Amino acid sequence: MVSVPGPVSLIEPLSGNTILVIKINALHVVKRSKYQEIIIADTEDFGRALILDEYIQSSYYDEAYYHESLVHPAMVTHISPRDVLILGGGEGATLREALKHSTVKRAVMVDIDEDVVELSKKYLPQMHQGVFEDPRAQVVIEDGFVYVEKALKNGDKFDVVIMDLTDPYSSEIAKQLYSPEFFKKLVGLLREDGIIVTQAGNSFFFPEAYDMVLHGVKSSFPVVAEYNVWIPSFGYAVNYIIGSLKYDPTSLTAEEVEKRLKERGVKTLFYSGKTHVGLMNLPIYRKIRHV
């Protein structure tokens, strides 16, 4: 750890006109990998954080808001998720949440950047909580696009695909994984009642990028649900999109969600039955936008 001798801040661009300034207390990692700049730092307000190419990916104090909202709405909507594919999520928190579901027999996490995974194992224990040692977990260091094409050729099948990638507008690495063509490939990777969920960045600052992802999901899935969650360390509400071949996440009651969480032994800090119902009810301005 390197203590910061004076006032040092992360200046994160939220848009072309707005920035978020976050005070840094200590630096644990500053490294440029083959793909991106990696920083792991202790922040004043959000605790330890993983920062990629100047964007906070997750932080100790609010990561549960992000990861639980990404994982559990889709997982709970599926009646019995056994095989789960995670694209991205190198810090291990998405894998951690997926494996809370006792129905899961296999969770494959595919991340292109081995440095992110290895540095997270060492410096972000509160994120992964030892999940990499779970016998149900498989970690593959590979481009997600390449992995999916190989899995299709091999006839592999999944019940749930979780896309925990960098934003479609903040990095070049993941852009092709948000394309309509890629979502069509994911349909081929799913069982007949499969579900995907992706984080889709921020629709307030980047509506065109968000709409691109939304239209891509809608072009491949008969059931689509949108929701968003405010993440303090991001400085904005993150958008999520679910694409489902059968089950409708908006049809679940709070009681049904709680029943499935209890049956599967899932304990959470943010997500609940009432939270699920609230997430699936878009604000008026979002509903109007899609009329």
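Start at 1 and count along the chain as shown; that gives each residue its number.
Glycine residues also receive a Cβ, built from the backbone N, Cα and C atoms like all the rest.
Annotation source Swiss-Prot lists domain 'PABS' at 5-245, citing sequence analysis.
The DSSP secondary structure for D111 (S-methyl-5'-thioadenosine binding site) is strand. Close to D111 (S-methyl-5'-thioadenosine binding site) in the fold, though at least 6 residues off in sequence, lie L87, G88, G89, G90, V117, V139, V140, I141, G144, each with a CB less than 8 Å from its CB. Annotated S-methyl-5'-thioadenosine binding site per Swiss-Prot: Q36, D111, D143, G144, in sequence order.
Among the features that Swiss-Prot reports, spermidine binding site is placed at H67, E91. DSSP assigns E91 (spermidine binding site) to coil, not to a helix or a strand.
Other Cβ atoms within 10 Å of the Cβ of D164 (active site, proton acceptor), summed over all protein chains shown, number 27. Look at Swiss-Prot and you will find D164 tagged as active site, proton acceptor.
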TODO: Taking the residues Q36, D111, D143, G144, which the record names as binding S-methyl-5'-thioadenosine, find the longest CA to CA distance and state it in Å to the nearest whole number.
DONE: 16
TODO: Pop the mean pLDDT for the domain 'PABS' (5-245) in here, whole number is fine.
DONE: 96
- [ ] Determine, to the nearest whole angstrom, how far the Cα atom of D143 (S-methyl-5'-thioadenosine binding site) is from the Cα atom of H67 (spermidine binding site).
- [x] 21
Task: Cβ neighbours within the same chain of H67 (spermidine binding site) - under 8 Å, at least six residues apart - done: S58, A93, T94, R96, E97, D164
Open item on the list: I want to check the contact list for E91 (spermidine binding site): same chain, sequence separation of six or more, C-beta distance under 8 angstroms. What comes out?
Closed with: L50, Q57, S58, V116, S120, L124, M127, H128
